[in-house]
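According to TrEMBL, the protein has these features:
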- Cys492: active site, nucleophile (ACT_SITE)
- 1-14: compositional bias 'Pro residues' (COMPBIAS)
- 23-60: compositional bias 'Pro residues' (COMPBIAS)
- 67-82: compositional bias 'Pro residues' (COMPBIAS)
- 329-456: domain 'Methyltransferase small' (DOMAIN)
- 1-87: region 'Disordered' (REGION)
Amino acid sequence: MPPPAGLAPWPTPSTTPLASPTPTRPPPRVRVRPPQPTLPPPPPYTRVRLPPPAPTPPPKPRLEPAAPNPSPTATSPPPPPATVSASSSSSTCLDCVHFGKCSGCTHETDLDKPPVLQEVSNFFRGHGVGDFTFSRGRLFEWRCRAKLAVRGTPENPLIGLYQEGTHIVTDIPECRAHHLSINAAVKLLKQGISELNVQPFDEDAGTGELRYVQMAVTTYNTSIPVAKRYEQGKVQVTLVWNSRDERSKNAEKLSLLIEFLWKNGGPKSNVHLIHSIWANFQTSTSNIIFGHKWRHLKGERDLWERYGGVDISLDPCSFGQANTLSFNALLHKLHKYVPRGSTVVDLYSGAGVIGLSIAASRKCRSVKCVEINKQSKMSFEISASRLPTNLGCTITWHNTDASVEPLHWLEGSSVVIVDPPRKGLHPTVISALQNIALSERKAFKAKSSLTKVKDEKRPWILRAREAAVHVDNTTIEESSETWPETLIYISCGWESFKKDCKSLISSKAWQLENAHAFNFFPGTDSIEILAIFKRESEADQKKKKKLKKKKAK
């Protein structure tokens, strides 16, 4: 076909074949060895006397999970305590910008080894405990409950802790111990204070509007995977307002602040941060943080959390552990020491977290919870309502002081659990536990001789013994022949525990068998103790005596 008009004719295709490239081989590789240096001849052999080896320092706690240890012998000392790691972070340094100013943390290195750990390990080893373990837990962002003072000015509010030995507040917006949701909620609260011109409390003048704030995180959310629940925790905010009630003059500003928090952090905001908002009204000039009046104002009323395998609801006025992850680890360990079918009394029970979890997991016949704080009653009732209906366990909650006639609560129970405040057990409770064998013998003699036991007639004692909450309608007759053979002691005060432990052991009524420690407060010298004491009942002692007599014959 000819080319179009005005264009040059088509080029004639070449008939010469294309030359294929000739493959070339690379030159062979030649390995050239560098010249070897000439070494001098070795020196003549001489004999050198070495100094004796230095004494081996005591072994440090291992960083691997605990393993069963053989019982200690006289020739081989027991191994050091096993340290169970529950933190994914390899760093054990605090690295907090507030350290040194804030009174919350006392040391910034070796967060996985509290300074008191070695003393604790040596103490239990000296008392024959060979399986002592220590759980380090989560080292950062572990605190899920915080009470913070509010000071400063509306333009520059300070929300944090007092400096050591003073009432000067240190602002801690980037606290590494706080759950990240607490730090975010504090930031939002500061913004609201500045925009609405809320006056922080002035201690010297007694003026101002916002005195304190309590933040409590819940990780209870069944709509998301378990692995994400902790990081996406929601915050229950309690504002401690400087007025008598919500009808005071400055109540309008309280309403505006609540609306601001709910609008910018509630379920309809860009980031759902706030679970609920409460108000507490306090006008006292003392150092007591909370007043007696509480009001639920926004969000869900009940703050649910999963403890020891059961759902627990905690009001803002009820005591709750700050480190929920480590507390769950302690409960998991504690359950193993409660025999199935036991009758349990839980002294210093609070809202009944320990008692309810044991009732559900160990199929107990009965659980009695004794607590002096009457405000914990509602939390106990709400939590108990979620227990399975087929437990077959009678659960009661008693609003009374456990130190008043403690023998009444010990009688009829096979397991006693004590979780006292930092100062330790009351002397009357210690005395009752020391003399428990004597009480058991008296009860046995009273029954065998058919002597009439004097009935209690004092009305205030009878009222205290009545159950304020009774979960199951099943009635179980308590036998005076049953007395505790297992004592489970949970302690947050190491010094008071040492004193109580020595008192219990010196009476020879109890023997210390197991002990575990938990890192509830990384960055401090505090340590949580779980100790198990055992006692031989009067019946077991008589059986042993009979066996010895038979063998002697």
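Quick reminder: no glycine exception, Cβ is built from N, Cα and C everywhere.
Mean predicted confidence for the domain 'Methyltransferase small' (329-456): the pLDDT average there is 87.
Other Cβ atoms within 10 Å of the Cβ of the residue listed as 'active site, nucleophile', summed over all protein chains shown, number 19. DSSP states for the domain 'Methyltransferase small' (329-456), grouped as helix (H, G, I), strand (E, B) and coil, give 53 helix, 21 strand, 54 coil.
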